[in-house]
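A.B. asks: This is the structure, below, for whatever I ask next.
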């Protein structure tokens, strides 16, 4: 009887709310009935129906708005224009560094000045312009102004230097580069290798001798530019907005394509799913060259009229003071930041704020409750997603440790799945029919999302590099003939459909809030070590988020000038990409296809009791690699050694 009532409830929801055809409803009910497992199904239904209905309604609302924007060819600048009309004099952005407040009208005028200036310099719809600067209000105004003209912004990671920076600038085919004065030295390092036709503009303090020749000071030029809205470009909702550089799965940073619909979808799902309000004030200390800071954070300002406080960089000691000063109600985080805050000594300010929600990803289950209780934050809004992925998740009901959920009852509504993979090679495991095998509750698997290019919520826009796209797409995943996006991440689903992040697979790992490409680091280290075989991988360190980089180097003699090596690394790699641990061994074992076998290396880690090869770690205070003995290992395990 209860099972019948449950099926009737599903029937009504599927037909009246989701408006699915009768055939699909019928087959779904039959499948649910046959696979329900009796009381187990009833238990899952009772515990999750409220969550699933809310999630379904959020998805329907966003789908309806996306469909409307698609039909009316609305773009982010057009949507922002309607926000300006609603709140012209409301504060849009606050830059903490200078306490600069911009209203929506001021942001609109600044971005229009950018569009008119670039148009006068010959840039047109479809061209690319790069932005290379630290967080501040102008960062938002620059890419928004470019979007008003139809120019696609390439948002460059400010940690990149030399080869990686040059790679991003050249592959983007940018016609212009706007860099902050704080980035001048990095631009000078690659200037000789840049295309001579690339127009250079510097924003911020002006020192002619500190910038490359032919560089122009942008700020006074924008003041003289017209502030009216330029003619609208022929852009639609699924056209390119900007590029965010990500390490992807292999090699140098790749330009992930962000179209207008993707920007809207990511911001809207967070807004409606976590019940945000137009009068919320967001504290955004995440990099604006990443999707979390620029889409999830800034998107609430541009699309929903919220005020966003921008900080140049995260500061654990100033975090709560800033929240109090600006009356912030929502704070953004990555898991590492939460740990830094917990490591701070208790102080009055941490309980005098008005923060009601912490929004982000990567908060470990082990510190989740401690974080929310110590700082009195009622809602932890954890989500999962990547710039280019089509299978974002949201933990809408604050289930401790979960990064999201998918309905066990109506799983077909949101076509994502965990599929079995080979633990050593991370290759997809397929059944006799050639289709990927779905994981059961409690079984780790790679998260995949079905690709439907005609659906803005299911499409995969990918990268500028087509070769990179091919590595992220698999065929015959849900059924024969389909395509799915491969996240490269291992998750686990429990009986109720909650999903928990387990590991980052493939050729990347996450450290200090950044994705580290092992292939890129391996190439750099090998070049510095006279082309020696080098395998780079991530290892777990107690008390830290993500995985610390470790490099196994083939050194038959065991000799290596580690002091010089550390000095050169400072110039070659950003801080988060430098290996924390080194292992010198006679040779590296390879597969038949000449790939390094990293599984055993990862398992052995950096424990000198297990690893008999010479081990070293990067001493943060000395700035060089020192021997890793049992005493140092114990300090690291106890969290007494700063990494």
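Glycine is no exception: its Cβ is also placed from the backbone N, Cα and C atoms.
Annotations per Swiss-Prot:
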type: TRANSMEM; residues: 20-42; note: transmembrane segment
type: TRANSMEM; residues: 139-156; note: transmembrane segment
type: BINDING; residues: 243, 244, 245, 246, 247, 248, 249, 250, 251, 252, 253, 254; note: AMP binding site
A.B. asks: Look up residue 245 (AMP binding site) in the DSSP assignment and reduce it to helix, strand or coil.
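C.D. replies: Going by the DSSP assignment, residue 245 (AMP binding site) falls within a strand, counted as strand.
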A.B. asks: Note down the number of other Cβ atoms within 10 Å of the Cβ of residue 243 (AMP binding site), including every protein chain shown.
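C.D. replies: So the Cβ neighbour count for residue 243 (AMP binding site) comes to 26.
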A.B. asks: Any idea which of the binding-site residues 245, 253 has the thinnest Cβ neighbourhood at 10 Å?
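C.D. replies: Comparing Cβ neighbours within 10 Å for the binding-site residues 245, 253, 253 has the fewest.
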A.B. asks: Give the helix, strand or coil assignment DSSP yields for residue 253 (AMP binding site).
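C.D. replies: Once the DSSP labels are grouped into three classes, residue 253 (AMP binding site) ends up as coil.
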